[in-house]
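Peer 1: Annotation source Swiss-Prot lists active site at ARG241, GLU270. The active site, proton donor annotation in Swiss-Prot covers HIS288, and the record cites sequence analysis as its basis. Per Swiss-Prot, the feature NADP(+) binding site maps to PHE158, GLY159, ARG160, ILE161, SER180, ARG181, THR182, ILE239, ALA240, ARG241, HIS288, ILE289, GLY290.
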Amino acid sequence: MKPKVLITRKIPENGIKMLREHFEVEVWEDEHEISREVLLEKVRDVDALVTMLSERIDAEVFDAAPRLKIVANYAVGYDNIDIEEATKMGVYITNTPDVLTNATADMAWVLLLATARRLIEADKFVRSGEWKKRGVAWHPLMFLGYDVYGRTIGIVGFGRIGQAIARRAKGFGMRILYNSRTRKPEVEKELGAEFMPLDELLKESDFVVLVVPLTKETYHMINEERLKLMKPTAILVNIARGKVVDTEALVKALREGWIAGAGLDVFEEEPYYHEELFSLDNVVLAPHIGSATYGAREGMAELVARNLIAFKNGEVPPTLVNREVLNVRKPGFE
């Protein structure tokens with residue numbers, strides 16, 4: 001009898017097809033996320049679980065799922081999962097790094113460039129008919145934005161995605177600053193990047209890109225005090241997690257001109273956002289689509305399947321997050 005896996009949202013078919021060869025597969029087909037009540041009911045008889053960032057996987061879920069042995073998170077981040085509790089219960093946790101690195105780095109640049117050059121404002125100006133209404137084809141002061149080439153970028157979080165952003169910055173002839181938990185001398189040498197304490201980085205940078213995981217230490221790390229350190233011409237880009245930024249403080253900074261603009265792909269309480277953000281022209285908003293390319297999402301689906309299949313075969317999953325679990329339980333459904 002095949003082990004049973006529940007996939008809490010429809011993912012690309014390539015991953016589902018791989019899983020069907022080894023598992024009894026149930027997919028939550030609804031466009032809306034699975035409710036907490038339904039999730040707790042459905043996990044009662046599953047051996048494996050494929051989850052999204054929108055699902056909180058904690059002790060309550062583990063207690064409701066006596067057969068559950070592995071959770072494959074369809075994301076790089078895993079702040080939606082209680083890793084300590086999972087390890088204690090002998091549940092393996094995997095994620096999907098690498099395959100979405102370039103797509104997410106590209107998204108940071110989409111937001112950076114769109115904000116710097118006021119692209120969304122300009123698009124609205126054309127679509128609304130205002131350009132035609134004004135009858136002015138071109139004006140020297142129309143939609144002036146900020147130069148990118150040769151400026152200074154500060155990258156907060158210098159893992160795979162942060163480094164990919166830096167490689168793109170090199171092509172723009174930028175000075176590259178970074179902040180992370182540990183220095184990376186080899187990458188500094190490769191990219192000409194400079195390590196800098198966070199507050200100094202904020203003062204020096206024309207563009208600040210946030211790529212850190214959400215932890216107790218990074219919660220609201222960009223607050224009112226730190227926003228005031230930034231240049232009034234600076235632009236903040238957040239592709240990390242919404243709660244890394246104090247949204248109330250950011251709205252105030254954008255409204256009062258402490259910084260020039262912001263590009264946001266993540267929000268504190270998704271799918272909800274601070275209503276005042278919607279009324280500000282100097283912010284570009286996207287609905288958490290950093291990895292939303294065909295290639296990245298298919299790569300994520302394949303990696304999810306590879307992790308589960310490896311576990312079923314008694315092998316350590318390729319992207320195991322909680323390696324301490326190896327001391328609690330061997331891989332496999334036996």
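The backbone N, Cα and C atoms fix where each Cβ goes, glycine too.
Each of the listed features needs to be described in terms of its position in the shown structure.
Peer 2: Over all protein chains present, the Cβ of ARG241 (active site) has 23 other Cβ atoms lying within 10 Å. DSSP assigns ARG241 (active site) to coil in the three-state reduction, outside any helix or strand.
In the three-state DSSP reading, GLU270 (active site) counts as coil.
Within the same chain, the residues at least 6 positions away from HIS288 (active site, proton donor) whose Cβ sits under 8 Å from its Cβ are ASP265, VAL266, PHE267, GLU270, listed in sequence order. Classification of HIS288 (active site, proton donor) by DSSP places it in coil, neither helical nor stranded.
Reduced to three states, the DSSP call for THR182 (NADP(+) binding site) is coil.
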Peer 1: So, three-state DSSP: helix, strand or coil for PHE158 (NADP(+) binding site)?
Peer 2: coil
Peer 1: Determine the Cβ neighbour count for GLY290 (NADP(+) binding site): the number of other Cβ atoms within 10 Å of its Cβ.
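Peer 2: Counting Cβ neighbours of GLY290 (NADP(+) binding site) within 10 Å gives 24.
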Peer 1: How many Å separate the Cα atoms of GLY290 (NADP(+) binding site) and ARG241 (active site)?
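Peer 2: Roughly 11 Å, rounded to the nearest whole number.
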